[in-house]
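Since the structure comes first, as structure tokens, the remarks are kept for the end.
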Amino acid sequence: FLFLQTMLTTISMSAIATNGVVPAGGSYFMISRSLGPEFGGAVGLCFYLGTTFAGAMYILGAIEILLTYIVPQAAIFYPSGAHDASSAMLNNMRVYGTVFLILMAVVVFVGVKYVNKFASLFLACVVISILSIYAGAIKSIFDPPEFPICMLGNRTLIRDQFDVCAKTIIKDNITVASKLWENFCHNTNLTTENCDEYFLLNNVTEIAGIPGAASGILKDNLWSNYLEKGEILEKAHHPSVDVAGQKSNFHLYVLSDISTSFMVLVGIFFPSVTGIMAGSNRSGDLKDAQKSIPVGTILAIVTTSLVCILLKSYLVVPLCRYGDAVNKNLVVGTLSWPSPWVIVIGSFFSTCGAGLQSLTGAPRLLQAIAKDNIIPFLWVFGHGKANGEPTWALLLTALIAELGILIASLDMVAPILSMFFLMCYLFVNLACAVQTLLRTPNWRPRFKYYHWALSFLGMSICLALMFISSWYYALVAMLIAGMIYKYIEYQGAEKEWGDGIRGLSLSAARYALLRLEEGPPHTKNWRPQLLVLLKLDEDLHVKYPRLLTFASQLKAGKGLTIIGSVIQGNFLETYGEAQAAEQTIKNMMDIEKVKGFCQVVVANKVREGIAHLIQSCGLGGMKHNTVVLGWPYGWRQSEDPRSWKTFIGEF
């Protein structure tokens with residue numbers, strides 16, 4: 001399902017990326033040039049925040065691996081009590097996370113070529129780790145690793161509650177109660193008076209946690225097994241004698257820590273497929289972005305999807321998906337060959353590499369938004385070093401990432417970040433679909449394997465995933481993007497990029513005008529369509545602005561309003577004056593809040609110009625039916641008869 005979503009988004013992205021030069025900005029550039037600055041800025045800024053906080057999460061993941069598996073003795077803070085373990089770990093993650101963030105920011109600041117060198121090292125570690133897992137999976141067919149899980153009936157027991165998986169043990173040739181017996185019966189003398197009934201009726205058995213591919217586990221794992229929060233983890237088809245009444249001693253069993261379903265698990269797994277924009281985020285650093293982005297991204301998705309599907313098939317342990325039944329041991333590390341350290345080191349470098357890529361791509365995204373000047377207060381982040389490296393954007397990105405590291409636990413923030421990523425993918429699909437359906441002259445992608453239906457399907461899946469994962473976080477993310485959109489619109493981002501939204505408006509206007517050509521409007525639909533004739537003075541200023549005030553008061557009719565004027569003279573000589581007069585009238589229309597159009601014509605005689613306006617203004621069915629003009633002022637006292645003759649001539 002997620003493979004389909006990422007592949008459809010990549011197809012749309014490939015079509016946009018091969019439709020022209022893609023400079024720095026990647027996904028932001030594609031969306032803004034296809035859907036306009038408002039959509040591009042809103043989605044681009046949200047995607048920037050998502051990428052930045054994702055970098056903080058990757059760094060925290062690297063620190064957790066470091067302090068849990070590699071060098072636990074490196075911890076600075078230690079728990080003073082049983083309940084302080086979590087807070088001590090969070091403090092350690094804050095300190096080490098800040099150190100790692102500074103080191104990574106320095107590497108990015110030095111230059112992207114050093115990031116690429118580290119990326120090659122990290123990729124080699126990841127590939128070796130994956131190969132070691134496959135080697136271990138093949139080895140498990142003939143020689144499964146020692147990874148026992150203790151079962152009571154068909155229920156899974158928490159391993160750290162006892163040492164021996166048995167009800168009784170032999171000590172000095174005497175059968176005595178085991179730690180397991182003490183937990184369920186609360187005595188050491190083997191009496192059954194206070195014993196848990198389920199414990200007495202069922203046997204304690206030890207099964208292989210990793211039974212190997214030849215055991216038939218692949219067939220068992222084809223079907224889902226969703227649990228409610230607090231439900232005991234049970235193995236299907238394992239011998240068990242149920243007892244009447246409510247279950248007890250829950251603290252001894254492995255319990256589901258969350259309620260699982262298809263929707264919940266899709267939301268949890270989705271962050272692992274959010275890297276498809278990594279290449280496009282660094283489009284400005286690619287030698288041939290039009291070739292590298294489609295080919296590299298599609299091959300990466302196919303490779304990672306195959307790896308994930310195969311690993312999921314081999315790595316599903318029969319029961320312990322939480323680690324409680326195996327003393328919190330690393331399941332994948334136990335399976336890998338030749339050593340669990342291959343997985344630990346590979347996971348550590350993988351998270352470090354992902355964090356480094358986030359700190360590389362996010363500043364370039366912010367720099368591209370700032371350079372377009374659609375959000376004025378971000379202008380400073382458009383500058384950088386002489387070679388174009390986004391120094392100030394990197395500084396802001398590091399500060400925002402540091403905020404995420406100081407939070408330490410991003411469980412509440414992570415769903416919003418997933419929404420930001422999904423919104424970006426949604427609008428990439430929308431951009432491709434709009435451009436394809438409009439058939440604009442400049443839409444000629446070199447990537448031919450796209451279709452508007454695929455883009456709409458990808459867009460629908462993204463929207464569905466947003467609400468499947470968390471509908472309230474989806475609404476929050478949309479609200480944030482909507483606020484940014486309205487801010488950019490309010491600031492007046494006058495950018496003419498030939499985007500699809502303006503093309504869509506043009507197509508809609510053409511369609512509507514052609515429909516209006518069918519005949520005159522019905523009496524119920526009649527409304528005043530005004531042609532307001534203005535007179536200009538010698539300085540090309542509106543002589544009687546009250547006519548515009550009057551026109552604005554007629555706006556309840558919601559009809560067409562055209563403001564016209566005439567410049568007397570030769571067209572070639574007075575063209576500049578006509579342009580200046582038109583701009584003056586538009587400014588006055590904004591002041592008087594008149595919604596309409598402006599047209600200034602040049603004629604040898606004013607009467608001829610007015611006649612042209614009255615006869616030719618409008619288009620198709622959108623023509624004026626009412627002419628508004630000023631009554632000739634002082635015509636009785638005027639010795640010049642032209643004022644009233646022009647007025648009469650207009651009729």
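Every residue number used here counts from 1 along the chain in the order it is shown.
For all residues, glycine too, the Cβ spot is worked out from N, Cα and C.
Automatic, uncurated: that is what TrEMBL annotation is.
As annotated by TrEMBL, domain 'Amino acid permease/ SLC12A' applies to 4-141, 249-531. Sequence annotations record features per position, and here TrEMBL assigns domain 'SLC12A transporter C-terminal' to 545-639. Positions annotated as signal peptide by TrEMBL: 1-17. What TrEMBL lists as transmembrane segment is 6-31, 43-71, 95-114, 121-142, 258-280, 292-317, 337-356, 392-410, 416-437, 449-466.
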For the domain 'Amino acid permease/ SLC12A' (4-141), mean pLDDT (0 to 100):
84
Same chain, outside the transmembrane segment (392-410) by at least 6, Cβ under 8 Å from its Cβ: which residues?
49, 52-53, 55-57, 59-60, 90-91, 93-94, 97-98, 101-102, 105, 108-109, 358-359, 362-364, 366-367, 370, 380-384, 417
Contact check, the transmembrane segment (43-71) vs the transmembrane segment (416-437), 3+ Cβ pairs under 8 Å, seq sep 6+:
yes
Surrounding residues of the transmembrane segment (121-142) on its own chain - C-beta under 8 Å, 6+ positions past either end:
210-214, 307, 310-311, 314-315, 332, 335-339, 342-343, 345-347, 349-350, 352-353, 356
Which one of these stretches, 258-280, 337-356, 416-437, 449-466, has the most C-beta pairs shorter than 8 Å to the transmembrane segment (95-114)?
337-356
Within the domain 'SLC12A transporter C-terminal' (545-639), how many residues are helix, strand or coil going by DSSP?
43 helix, 20 strand, 32 coil
